[in-house]
Structure formats: structure tokens, C-alpha cells
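Data first, discussion second: the structure below is written as C-alpha cells.
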């Protein structure tokens, strides 16, 4: 059984300026997107390295604004109404993937209009790179010591201090499980899948469906947010409620793409 290493969430300090690991993880995700996206653009009819850089600006705004607004609306609206200045303390965490997804979808729609192409041209190009950003985000959650799983006596558990119990307990490190499934595994699947021609929209649907499936599964090991608890039947969490439509819509989009879309994405 492992022991949580109690990592300082502040990576660097320059006088009054503090640089947090959580923010650096976002920068790492954006840097990967630019590097890998620029490489992929060499084999695309629609993309160039310059366009990848332009979209990165749109996408970063979508991720940060959508992720923050989504967390506030879906998970802790009452707190932020009472403490509105906490909205700006993003270095403490409090980002929701589902809100970030909506933000990125808006960014992709706007960028597709700018490129004068189908939104799926943008979404299919972006989809394989998103899991690496999710990986870095979950590592940031781990460093911050947040989003722990349930108490367990399993060998997969990690010893961590629980302030609500005022004692050290063993919990599932669900941040690392999400980093593995939603990050590494999903990236590998999409990377190999997008190497071959496929219908336009299929890669986007596969990402949405598999993310929803992986997230729905991990939620069984993860503790619900304390301000929400379980929503239904003593086991359904907000994360599962938001992921279920993703599973249905994502795989339905894959089926639709193969049945109806003759435009093949390279």
C-alpha cells in the first residue's frame, strides 16, 4: 500500500509570486497540443502549424472559462454565490471537465466558421490530443491532494490524511486512475484509430463516448463532492449523471458517421 507523498502545490516562488503545479499542468497540456498538433498538421489538407497555434488560443479560453463556469454551475453554485471572489482562485482547483467540453465545443464551432469547414473537421483533429491534457489535469489534481476515492483496504489504496476524519486512511487514488484511463488509454486508442481513414465525425464520437464510459466507471471508486453527495439511489454521482449522455451521444455519433457520412477524414 502506497503513502501519499504530500507534494507542495506551489512549484516555484519568486518573491510574492507563486507558480502552482496545477497551472503548470495546464501549460504542459497546451504545449503538447501545440507540438503534436503542429506535427499532425503536416499530413492535413485543412491544418497548418499556424492554424494550430490560432486554435490553441480559442481552445485554451474554452477550457478555462468553460471548466470554471461548469464547476460553479454543476458542483458548488451556493458557495460561489456566497463567496464570489473565489471564482478567480483557479489555482486551487475547481474545474469541471463537462463544462470545459462545452467551452471547447463553442471554441471549435467559432473556429470552424473562421476556417469555413464543418465543425467535425476541427473536432476530429482536436479529439486525439485532448486526453493528454486530461492526463496532466488529473496529475494536477493529485498534486493538490483533491478528488480522492473511497476508503479501501485494497492494495491499490494510498494512505492519505483525511481532515474530516482527523486520521490517516487508505483511499483509492482516483485521480491517477482517471489519468490512466481518460488520459493514457484514451490517447492510445484515438492515436491509432485516427491513423486510418474513417468517416468525418467518427473520431469525435469515439472520444466523447469512451470518455463518458471511463468517467462513469471511475465514479464508482471516487467520493462524490461533499456539497452534493449522491444524487440518486445512494450511488449516482453528478459526474455519472453528466457522463451518461456523453456515452449515448458519442457512440450514436460513431454509428451515424459510418452509416451516413461518406466524407472520409485522413
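Each Cβ is built from the backbone N, Cα and C atoms, and glycine gets one as well.
These figures come from a predicted structure and were not determined experimentally.
Look at Swiss-Prot and you will find 14-34 (among others) tagged as transmembrane segment.
Sequence annotations record features per position, and here Swiss-Prot assigns transmembrane segment to 55-75 (among others) based on sequence analysis. If you look at the transmembrane segment (55-75), the same-chain residues 6 or more away from its ends with a CB under 8 A from one of its CBs are 26, 30, 33-34, 37, 87, 90, 94-108, 110-111, 122, 126, 133, 225, 227-228, 238, 242.
The annotation transmembrane segment is assigned in Swiss-Prot to 91-111 (among others). Within the same chain, residues 9, 18, 20, 22-23, 54-55, 58-59, 61-76, 119, 122-123, 126, 130, 134, 137, 140-141, 144, 146, 211, 215, 242-243, 246 sit at least 6 positions outside the transmembrane segment (91-111) and bring their C-beta atoms closer than 8 Å to a C-beta of that stretch.
Residues of the same chain lying 6 or more positions beyond the ends of the transmembrane segment (117-137) and with a Cβ under 8 Å from any Cβ of it are 25-26, 28-30, 32-33, 36-37, 40, 44, 46-47, 55, 59, 63, 95, 97, 104-105, 108-109, 111, 178-179, 182-184, 186-187, 190-191, 193-194, 200-204, 206-207, 211, 263, 265. Annotated transmembrane segment per Swiss-Prot: 117-137 (among others), in sequence order, evidence recorded as sequence analysis.
When Cβ-Cβ distances below 8 Å are used as the criterion, the transmembrane segment (172-192) is approached by residues 2, 4, 127-128, 131-132, 134-136, 138-139, 141-142, 146-150, 152, 154, 156-158, 203, 206-207, 210-211, 214-215, 217-218, 221-222 of the same chain, each at least six residues removed from its ends. Marked as transmembrane segment by Swiss-Prot on the basis of sequence analysis: 172-192 (among others).
Residues or ranges marked as transmembrane segment by Swiss-Prot: 201-221 (among others).
Swiss-Prot lists 235-255 (among others) with the feature transmembrane segment.
With a cut-off of 8 Å between Cβ atoms, the residues of this chain six or more beyond the transmembrane segment (14-34) that come close are 7, 52-53, 56, 59-60, 63-64, 90-93, 129, 132-137, 139-141, 143-144.
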